[in-house]
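*Asks:* Structure below; questions to follow.
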Amino acid sequence: MFSYRHAFHAGNHADVLKHTVLIATLAHLLEKEAALTVVDTHAGAGLYRLDGDYAGTSGEAADGILRLLAPKTTQKPAAMSDAPDLPAQGRARKAAKPAGTIDAPLAPAIQGYLDLVRAFNPNGGSRVYPGSPFIVHHMLRDHDKLKLFELHPTDARTLDANIAQLEAGRQIAVLREDGFGSATKFMPPPSRRALMLCDPSYEMKTDYGRVLDLIGESLKRFATGTYAVWYPIIPRPEAHDLPRRLKTMATKAGKSWLHATLTVKSSKVLTTPTGDQKRPGLPASGMFLINPPYTLKGQLQPALEQLKTLLAQDRNAGFTLDSGG
Ligand code: SAM
């Protein structure tokens, strides 16, 4: 327990998916004036340095947010007439769309995500990456509330210190409590409008069952809340079962749902020329929402099409987007 530190993974492809969906969802919920309560059941440290030791060691952001911030991702490839005087084959190659680039404006959901990350780097560059607590706080209005759960002793301390700098007073509560066990106490919130983000580390396989218990209990207490669950797509039965069981839960409760997944590479274990087995790292992840905004699917379709191209690490890259209810 507690070997997971989000600082190693901040800004990776899973964060790109999760935070793009979070921002689009929140933007819709904030269109209504009535106060919103956001419950982040697994908050992390809040802010991360992409030029620090953790992110530098893992290099995961390089294949996530840093690819999107790199100017080449939004550049159109040179038109034939712009190409220098090259032999025909060279011209053809010059005009072809380089791997990992798109020749269209970014989808609004991706643009919204990048604008928000850039707001944390006002002098340009990409040193700082906001985790979910800071993404949410950046978007909330003064009358909205944010409840943050974090159990890791070091990350909880860092989160406390980061949040203290916001001087947000009673708008934000940081709780060193078990998010699985305690988050339902905020359901329903007084304003009867809430978004719960459930983003555990899945360090223990019991986490999958605990997610289901938490969402099931929360739905019982507050059936009209919006619930967003991130999960890793890995070769483990519990990981495959989770979205299926969330879908059953939503359907039985008569609630709408949305399921988005993003794959960036094959999940196959590779054998190196020296015969060593090399695990590929996280190949894919998903977001499952209950009571999603009705606009979300239309926003995510073009965004996922572009993310698939921009974040592809091999030709297994892909996405899925389903909804029901
Ligand atoms: N939501 C964050 C974001 O998007 O920036 C990332 C969260 S990270 C994936 C999961 C966090 O949950 C870790 O910081 C871990 O220490 C914390 N954690 C693990 N078990 C927990 C529990 N039972 N209750 C609250 N936090 C927990």
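Heads up, the Cβ atoms here are built off N, Cα and C, so glycines get one too.
The feature site 'Interaction with substrate rRNA' is assigned by TrEMBL to Tyr4. Here TrEMBL flags His19, His42, Ser132, Glu150, Asp178, Gly179, Asp199 as S-adenosyl-L-methionine binding site. Taken from TrEMBL, the feature active site, proton acceptor applies to Asp199.
Are these features on the surface or tucked inside, and what are their neighbours?
*Replies:* Using a 10 Å radius centred on the Cβ of Tyr4 (site 'Interaction with substrate rRNA') and all shown protein chains, the other Cβ atoms total 17. According to DSSP, Tyr4 (site 'Interaction with substrate rRNA') is assigned to coil rather than to any helix or strand.
The Cβ neighbour count for Gly179 (S-adenosyl-L-methionine binding site), using a 10 Å radius over every protein chain in view, is 24.
DSSP classifies Asp199 (S-adenosyl-L-methionine binding site) as coil under the three-state reduction. Long-range C-beta contacts of Asp199 (S-adenosyl-L-methionine binding site), restricted to its own chain and to partners at least six residues apart, with a cutoff below 8 Å, comprise Lys18, Asp40, Thr41, His42, Gly44, Ser132, Val229, Trp230.
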*Asks:* Going by Cα-Cα distance, which of the binding-site residues (His19, Glu150, Asp178) sits nearest to Tyr4 (site 'Interaction with substrate rRNA')?
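*Replies:* Considering only the listed binding-site residues, the nearest one is Glu150.
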*Asks:* If you skip the near sequence neighbours and keep only those at least six away, which residues in the chain come within under 8 angstroms of Glu150 (S-adenosyl-L-methionine binding site), Cβ to Cβ?
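*Replies:* Result: His42, Ala43, Gly44, Ala45, Ala156, Leu159, Val174, Leu175, Arg176, Gly179.
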*Asks:* Which one of the binding-site residues (His42, Asp178) has its C-beta surrounded by the most other C-beta atoms within 10 angstroms?
*Replies:* His42
